[in-house]
(Lines of atoms letter the chains of each structure in order from A; the text may use other names.)
(Lines give C-alpha, C1' and ligand atoms only; values in the text may rest on other atoms or scores of the structure.)
Protein backbone atom coordinates (compact mmCIF):
# COMPACT_ATOMS: atom_id res chain seq x y z
CA UNK A 1 0.00 0.00 0.00
CA UNK A 2 1.55 3.30 -1.06
CA UNK A 3 2.25 6.17 1.28
CA UNK A 4 0.38 9.35 0.41
CA UNK A 5 2.21 12.66 0.79
CA UNK A 6 0.69 16.12 0.83
CA UNK A 7 1.66 18.62 -1.82
CA UNK A 8 3.70 20.55 0.76
CA UNK A 9 5.67 17.44 1.71
CA UNK A 10 6.32 16.72 -1.97
CA UNK A 11 7.58 20.24 -2.56
CA UNK A 12 9.87 20.06 0.48
CA UNK A 13 11.28 16.74 -0.73
CA UNK A 14 11.94 18.20 -4.18
CA UNK A 15 13.65 21.22 -2.60
CA UNK A 16 15.98 19.07 -0.52
CA UNK A 17 16.96 16.90 -3.47
CA UNK A 18 17.54 19.95 -5.64
CA UNK A 19 19.65 21.52 -2.92
CA UNK A 20 21.81 18.41 -2.68
CA UNK A 21 22.43 18.48 -6.42
CA UNK A 22 23.36 22.16 -6.23
CA UNK A 23 25.79 21.49 -3.41
CA UNK A 24 27.73 18.97 -5.53
CA UNK A 25 27.70 21.24 -8.58
CA UNK A 26 28.94 24.37 -6.89
CA UNK A 27 29.52 27.17 -9.34
CA UNK A 28 27.12 25.85 -11.98
CA UNK A 29 23.96 27.86 -12.29
CA UNK A 30 20.94 26.05 -13.56
CA UNK A 31 17.89 27.83 -14.89
CA UNK A 32 15.02 27.70 -12.36
CA UNK A 33 12.40 25.18 -13.41
CA UNK A 34 8.71 25.85 -13.83
CA UNK A 35 8.11 24.10 -10.54
CA UNK A 36 10.61 26.39 -8.76
CA UNK A 37 8.94 29.50 -10.25
CA UNK A 38 5.55 28.20 -9.20
CA UNK A 39 6.84 27.59 -5.67
CA UNK A 40 8.33 31.10 -5.57
CA UNK A 41 5.00 32.52 -6.69
CA UNK A 42 3.20 30.57 -3.99
CA UNK A 43 5.68 31.85 -1.37
CA UNK A 44 5.24 35.40 -2.68
CA UNK A 45 1.45 35.15 -2.48
CA UNK A 46 1.71 33.84 1.07
CA UNK A 47 3.91 36.77 2.00
CA UNK A 48 1.44 39.28 0.51
CA UNK A 49 -1.46 37.66 2.32
CA UNK A 50 0.49 37.83 5.57
CA UNK A 51 1.26 41.53 5.03
CA UNK A 52 -2.41 42.28 4.36
CA UNK A 53 -3.42 40.42 7.52
CA UNK A 54 -0.82 42.26 9.59
CA UNK A 55 -1.98 45.57 8.11
CA UNK A 56 -5.58 44.83 9.14
CA UNK A 57 -4.44 43.93 12.66
CA UNK A 58 -2.45 47.15 12.96
CA UNK A 59 -5.42 49.18 11.69
CA UNK A 60 -7.75 47.58 14.26
CA UNK A 61 -5.28 48.27 17.06
CA UNK A 62 -5.56 52.03 16.43
CA UNK A 63 -2.88 54.73 16.67
CA UNK A 64 -1.98 54.01 20.29
CA UNK A 65 1.77 54.12 19.58
CA UNK A 66 3.87 56.33 17.30
CA UNK A 67 4.21 54.94 13.81
CA UNK A 68 7.43 53.07 13.15
CA UNK A 69 9.21 52.79 9.86
CA UNK A 70 8.75 49.62 7.86
CA UNK A 71 12.42 48.74 8.38
CA UNK A 72 12.06 49.11 12.16
CA UNK A 73 8.92 46.97 12.20
CA UNK A 74 10.69 44.27 10.20
CA UNK A 75 13.61 44.33 12.66
CA UNK A 76 11.28 43.86 15.65
CA UNK A 77 9.53 40.99 13.86
CA UNK A 78 12.85 39.28 13.17
CA UNK A 79 13.79 39.71 16.81
CA UNK A 80 10.48 38.24 17.97
CA UNK A 81 10.72 35.23 15.65
CA UNK A 82 14.43 34.56 16.22
CA UNK A 83 15.27 35.13 12.57
CA UNK A 84 18.28 36.73 10.98
CA UNK A 85 18.31 38.01 7.42
CA UNK A 86 14.97 37.71 5.72
CA UNK A 87 14.71 35.29 2.75
CA UNK A 88 13.58 38.21 0.55
CA UNK A 89 17.00 39.80 1.10
CA UNK A 90 18.81 36.80 -0.41
CA UNK A 91 19.53 36.41 -4.07
CA UNK A 92 16.77 34.17 -5.28
CA UNK A 93 19.00 32.14 -7.61
CA UNK A 94 20.07 28.87 -5.94
CA UNK A 95 18.56 29.98 -2.62
CA UNK A 96 16.10 28.24 -0.36
CA UNK A 97 13.95 29.65 2.40
CA UNK A 98 15.54 29.09 5.85
CA UNK A 99 13.52 26.94 8.25
CA UNK A 100 11.18 28.63 10.70
CA UNK A 101 12.51 28.63 14.25
CA UNK A 102 10.19 27.20 16.87
CA UNK A 103 10.80 28.59 20.35
CA UNK A 104 10.98 26.06 23.19
CA UNK A 105 8.32 25.59 25.84
CA UNK A 106 8.83 25.03 29.54
CA UNK A 107 7.98 21.54 30.80
CA UNK A 108 6.61 20.64 34.24
CA UNK A 109 9.73 18.67 35.24
CA UNK A 110 12.24 21.32 34.11
CA UNK A 111 12.88 22.57 37.63
CA UNK A 112 13.71 19.11 38.98
CA UNK A 113 17.43 18.26 39.25
CA UNK A 114 18.60 16.25 36.21
CA UNK A 115 20.61 13.07 36.61
CA UNK A 116 24.05 13.86 35.15
CA UNK A 117 26.55 11.30 36.37
CA UNK A 118 30.27 11.99 36.53
CA UNK A 119 31.27 8.34 36.12
CA UNK A 120 28.88 7.39 33.32
CA UNK A 121 30.27 8.78 30.08
CA UNK A 122 27.92 9.57 27.22
CA UNK A 123 28.30 8.31 23.68
CA UNK A 124 28.53 11.21 21.23
CA UNK A 125 26.97 10.47 17.85
CA UNK A 126 26.54 12.98 15.04
CA UNK A 127 23.84 12.70 12.42
CA UNK A 128 24.82 10.80 9.30
CA UNK A 129 23.01 13.09 6.85
CA UNK A 130 23.11 16.84 6.23
CA UNK A 131 20.47 18.67 8.26
CA UNK A 132 19.45 20.71 5.20
CA UNK A 133 19.47 18.34 2.22
CA UNK A 134 19.38 14.98 4.06
CA UNK A 135 22.19 13.54 1.92
CA UNK A 136 25.17 11.55 3.26
CA UNK A 137 28.60 12.40 1.90
CA UNK A 138 30.90 11.28 4.74
CA UNK A 139 33.90 13.54 5.38
CA UNK A 140 32.52 16.55 3.49
CA UNK A 141 29.99 17.15 6.28
CA UNK A 142 30.69 19.80 8.93
CA UNK A 143 29.58 18.82 12.46
CA UNK A 144 28.25 21.26 15.06
CA UNK A 145 30.33 21.28 18.26
CA UNK A 146 27.21 21.72 20.41
CA UNK A 147 24.48 19.53 18.95
CA UNK A 148 24.29 16.41 16.75
CA UNK A 149 23.62 18.16 13.43
CA UNK A 150 25.96 18.10 10.41
CA UNK A 151 25.97 20.26 7.27
CA UNK A 152 27.42 20.69 3.80
CA UNK A 153 29.21 23.99 3.29
CA UNK A 154 27.38 24.36 -0.04
CA UNK A 155 24.01 23.91 1.69
CA UNK A 156 24.92 26.49 4.32
CA UNK A 157 25.88 29.00 1.63
CA UNK A 158 22.65 28.48 -0.29
CA UNK A 159 20.62 28.95 2.89
CA UNK A 160 22.40 32.25 3.50
CA UNK A 161 24.07 31.06 6.74
CA UNK A 162 27.61 30.94 5.43
CA UNK A 163 29.16 33.96 3.76
CA UNK A 164 32.37 33.93 1.73
CA UNK A 165 34.47 35.48 4.50
CA UNK A 166 33.42 32.81 7.02
CA UNK A 167 33.80 29.75 4.78
CA UNK A 168 37.51 29.28 5.55
CA UNK A 169 36.93 29.68 9.28
CA UNK A 170 34.21 27.02 9.33
CA UNK A 171 36.30 24.68 7.18
CA UNK A 172 39.35 24.94 9.45
CA UNK A 173 37.58 24.80 12.81
CA UNK A 174 34.66 22.40 12.31
CA UNK A 175 36.85 19.29 12.62
CA UNK A 176 39.05 20.59 15.48
CA UNK A 177 38.39 20.40 19.21
CA UNK A 178 37.46 24.08 19.17
CA UNK A 179 34.72 23.30 16.68
CA UNK A 180 32.00 25.34 15.03
CA UNK A 181 28.44 26.05 16.21
CA UNK A 182 25.60 25.67 13.73
CA UNK A 183 23.06 28.44 13.17
CA UNK A 184 20.74 26.94 15.81
CA UNK A 185 23.33 26.76 18.59
CA UNK A 186 25.10 29.99 17.63
CA UNK A 187 21.99 32.03 18.51
CA UNK A 188 21.45 32.05 22.29
CA UNK A 189 18.24 34.01 21.78
CA UNK A 190 16.59 30.82 20.48
CA UNK A 191 16.79 29.35 23.99
CA UNK A 192 14.12 31.81 25.17
CA UNK A 193 10.46 30.84 25.24
CA UNK A 194 7.87 33.13 23.66
CA UNK A 195 7.03 34.60 27.06
CA UNK A 196 10.68 35.26 27.85
CA UNK A 197 11.22 36.79 24.41
CA UNK A 198 8.30 39.19 24.84
CA UNK A 199 9.74 40.19 28.24
CA UNK A 200 13.09 40.98 26.63
CA UNK A 201 11.48 42.89 23.77
CA UNK A 202 9.49 45.00 26.22
CA UNK A 203 12.66 45.85 28.11
CA UNK A 204 14.47 46.82 24.91
CA UNK A 205 11.56 49.01 23.79
CA UNK A 206 11.34 50.77 27.16
CA UNK A 207 15.07 51.48 27.05
CA UNK A 208 14.88 52.83 23.47
CA UNK A 209 17.16 50.11 22.06
CA UNK A 210 16.89 49.84 18.27
CA UNK A 211 17.21 46.24 17.00
CA UNK A 212 20.11 45.28 14.72
CA UNK A 213 22.24 48.29 15.67
CA UNK A 214 25.67 48.42 17.32
CA UNK A 215 26.03 49.78 20.86
CA UNK A 216 28.83 52.00 22.13
CA UNK A 217 30.03 51.95 25.74
CA UNK A 218 27.81 54.92 26.59
CA UNK A 219 24.79 53.19 25.01
CA UNK A 220 25.52 49.97 26.89
CA UNK A 221 25.98 51.69 30.28
CA UNK A 222 22.88 53.84 29.76
CA UNK A 223 20.88 50.70 29.00
CA UNK A 224 22.24 48.92 32.08
CA UNK A 225 21.40 51.92 34.29
CA UNK A 226 17.82 52.01 33.01
CA UNK A 227 17.31 48.26 33.47
CA UNK A 228 18.74 48.36 37.00
CA UNK A 229 16.56 51.32 37.99
CA UNK A 230 13.42 49.66 36.58
CA UNK A 231 14.14 46.43 38.42
CA UNK A 232 15.37 47.72 41.79
CA UNK A 233 14.03 51.31 41.80
CA UNK A 234 17.42 52.71 42.73
CA UNK A 235 20.50 53.87 40.79
CA UNK A 236 23.25 51.46 39.88
CA UNK A 237 26.20 51.43 42.27
CA UNK A 238 29.69 52.38 41.09
CA UNK A 239 30.97 48.81 41.47
CA UNK A 240 28.11 47.52 39.31
CA UNK A 241 28.88 50.12 36.65
CA UNK A 242 32.51 48.99 36.61
CA UNK A 243 31.36 45.39 36.17
CA UNK A 244 29.13 46.47 33.27
CA UNK A 245 32.12 48.22 31.66
CA UNK A 246 34.15 45.01 32.00
CA UNK A 247 31.33 43.11 30.31
CA UNK A 248 31.35 45.62 27.45
CA UNK A 249 35.10 45.05 26.97
CA UNK A 250 34.51 41.30 26.95
CA UNK A 251 31.87 41.75 24.22
CA UNK A 252 34.29 43.90 22.20
CA UNK A 253 37.45 41.74 22.01
CA UNK A 254 38.73 43.55 18.90
CA UNK A 255 38.49 46.96 20.63
CA UNK A 256 36.30 48.46 17.91
CA UNK A 257 34.56 50.79 20.37
CA UNK A 258 31.18 49.13 19.91
CA UNK A 259 29.56 45.72 20.29
CA UNK A 260 27.68 43.95 17.52
CA UNK A 261 23.92 43.50 17.83
CA UNK A 262 24.10 39.69 17.83
CA UNK A 263 26.65 39.70 20.67
CA UNK A 264 24.50 42.12 22.68
CA UNK A 265 21.40 39.99 22.05
CA UNK A 266 23.20 36.81 23.13
CA UNK A 267 24.44 38.52 26.30
CA UNK A 268 20.97 39.78 27.21
CA UNK A 269 19.43 36.39 26.44
CA UNK A 270 21.77 34.52 28.79
CA UNK A 271 21.23 37.19 31.46
CA UNK A 272 17.47 36.73 31.19
CA UNK A 273 17.80 32.95 31.42
CA UNK A 274 19.78 33.34 34.63
CA UNK A 275 17.15 35.68 36.01
CA UNK A 276 14.00 33.72 35.12
CA UNK A 277 15.04 30.06 35.27
CA UNK A 278 16.47 28.00 38.13
CA UNK A 279 19.81 26.30 37.66
CA UNK A 280 18.18 22.88 37.25
CA UNK A 281 16.25 24.18 34.24
CA UNK A 282 19.49 25.57 32.77
CA UNK A 283 21.22 22.23 33.28
CA UNK A 284 18.56 20.57 31.13
CA UNK A 285 19.61 22.82 28.24
CA UNK A 286 23.09 21.26 28.09
CA UNK A 287 23.70 18.88 25.20
CA UNK A 288 25.60 15.57 25.50
CA UNK A 289 28.68 17.20 23.92
CA UNK A 290 28.64 20.00 26.48
CA UNK A 291 28.20 17.56 29.36
CA UNK A 292 31.15 15.52 28.13
CA UNK A 293 33.35 18.64 27.96
CA UNK A 294 32.29 19.52 31.50
CA UNK A 295 33.25 16.01 32.69
CA UNK A 296 36.65 16.28 31.05
CA UNK A 297 37.21 19.69 32.65
CA UNK A 298 36.23 18.49 36.15
CA UNK A 299 38.33 15.32 35.93
CA UNK A 300 41.33 17.38 34.76
CA UNK A 301 40.98 19.61 37.84
CA UNK A 302 40.37 16.71 40.26
CA UNK A 303 44.01 15.64 40.51
CA UNK A 304 43.56 13.35 43.55
CA UNK A 305 40.36 11.72 42.18
CA UNK A 306 38.36 12.31 45.36
CA UNK A 307 35.40 13.89 43.57
CA UNK A 308 36.08 17.41 44.82
CA UNK A 309 37.94 20.46 43.51
CA UNK A 310 38.79 23.81 45.10
CA UNK A 311 36.67 26.89 44.54
CA UNK A 312 39.66 28.67 43.04
CA UNK A 313 40.03 25.93 40.43
CA UNK A 314 36.34 26.19 39.62
CA UNK A 315 36.68 29.94 39.19
CA UNK A 316 39.75 29.46 36.99
CA UNK A 317 37.80 27.10 34.72
CA UNK A 318 35.16 29.81 34.37
CA UNK A 319 37.78 32.17 32.91
CA UNK A 320 39.48 29.73 30.56
CA UNK A 321 36.74 27.48 29.18
CA UNK A 322 35.77 27.46 25.54
CA UNK A 323 38.21 30.10 24.36
CA UNK A 324 37.82 30.44 20.60
CA UNK A 325 40.60 30.34 18.03
CA UNK A 326 42.07 33.76 17.42
CA UNK A 327 41.74 34.83 13.78
CA UNK A 328 45.49 34.94 13.32
CA UNK A 329 45.70 31.32 14.52
CA UNK A 330 43.21 29.96 12.00
CA UNK A 331 45.90 29.50 9.37
CA UNK A 332 47.88 27.28 11.74
CA UNK A 333 47.18 23.57 11.81
CA UNK A 334 46.95 23.54 15.60
CA UNK A 335 44.12 21.92 17.54
CA UNK A 336 43.42 23.82 20.73
CA UNK A 337 41.30 22.03 23.29
CA UNK A 338 38.54 23.94 25.01
CA UNK A 339 37.40 21.18 27.35
CA UNK A 340 39.30 22.38 30.37
CA UNK A 341 41.65 24.95 31.84
CA UNK A 342 44.23 26.16 29.33
CA UNK A 343 47.82 25.76 30.39
CA UNK A 344 50.29 28.64 30.28
CA UNK A 345 52.16 27.00 27.43
CA UNK A 346 49.11 26.58 25.25
CA UNK A 347 48.80 28.75 22.13
CA UNK A 348 45.37 29.78 23.40
CA UNK A 349 46.71 31.11 26.69
CA UNK A 350 47.79 34.39 25.13
CA UNK A 351 45.73 37.21 23.69
CA UNK A 352 47.78 39.79 21.81
CA UNK A 353 50.89 38.43 23.45
CA UNK A 354 49.55 38.66 27.02
CA UNK A 355 48.34 35.89 29.29
CA UNK A 356 44.72 36.11 30.44
CA UNK A 357 44.44 37.85 33.78
CA UNK A 358 43.26 35.34 36.37
CA UNK A 359 43.31 36.46 39.97
CA UNK A 360 44.94 34.06 42.46
CA UNK A 361 42.60 32.13 44.72
CA UNK A 362 42.20 33.35 48.28
CA UNK A 363 42.72 31.08 51.29
CA UNK A 364 38.98 30.97 51.84
CA UNK A 365 38.43 29.84 48.25
CA UNK A 366 41.13 27.19 48.53
CA UNK A 367 39.48 25.85 51.68
CA UNK A 368 36.01 25.50 50.11
CA UNK A 369 35.56 22.41 47.96
CA UNK A 370 33.02 21.80 45.21
CA UNK A 371 31.65 18.47 44.05
CA UNK A 372 30.55 17.51 40.53
CA UNK A 373 26.94 18.62 40.98
CA UNK A 374 28.01 21.99 42.40
CA UNK A 375 30.56 22.40 39.62
CA UNK A 376 27.81 22.02 37.00
CA UNK A 377 25.40 24.36 38.77
CA UNK A 378 27.96 27.13 39.18
CA UNK A 379 29.23 26.91 35.59
CA UNK A 380 26.17 26.03 33.52
CA UNK A 381 25.50 29.65 32.51
CA UNK A 382 29.10 30.05 31.30
CA UNK A 383 28.90 26.82 29.31
CA UNK A 384 25.75 28.03 27.56
CA UNK A 385 27.24 31.49 27.01
CA UNK A 386 30.18 29.91 25.16
CA UNK A 387 28.02 28.49 22.35
CA UNK A 388 28.28 31.36 19.80
CA UNK A 389 31.11 31.34 17.29
CA UNK A 390 31.91 34.96 18.05
CA UNK A 391 35.17 35.68 19.86
CA UNK A 392 33.25 37.83 22.35
CA UNK A 393 32.73 36.55 25.91
CA UNK A 394 28.97 36.77 26.31
CA UNK A 395 29.15 36.29 30.06
CA UNK A 396 32.19 37.87 31.70
CA UNK A 397 33.18 35.84 34.78
CA UNK A 398 33.38 37.77 38.01
CA UNK A 399 36.85 38.28 39.43
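Placed from the backbone N, Cα and C atoms, the Cβ positions cover glycine too.
Automated prediction, rather than curation, is the source of TrEMBL annotations.
Since this is a predicted model, take the numbers as computed values, not measurements.
As annotated in TrEMBL, region 'Disordered' covers the listed stretch 341-362 rather than the other ranges in 319-340, 341-362. Under DSSP, residues within the domain 'EF-hand' (289-324) fall into helix, strand and coil as 23 helix, 3 strand, 10 coil. Looking only at the domain 'EF-hand' (289-324), the predicted model's pLDDT averages out at 84.
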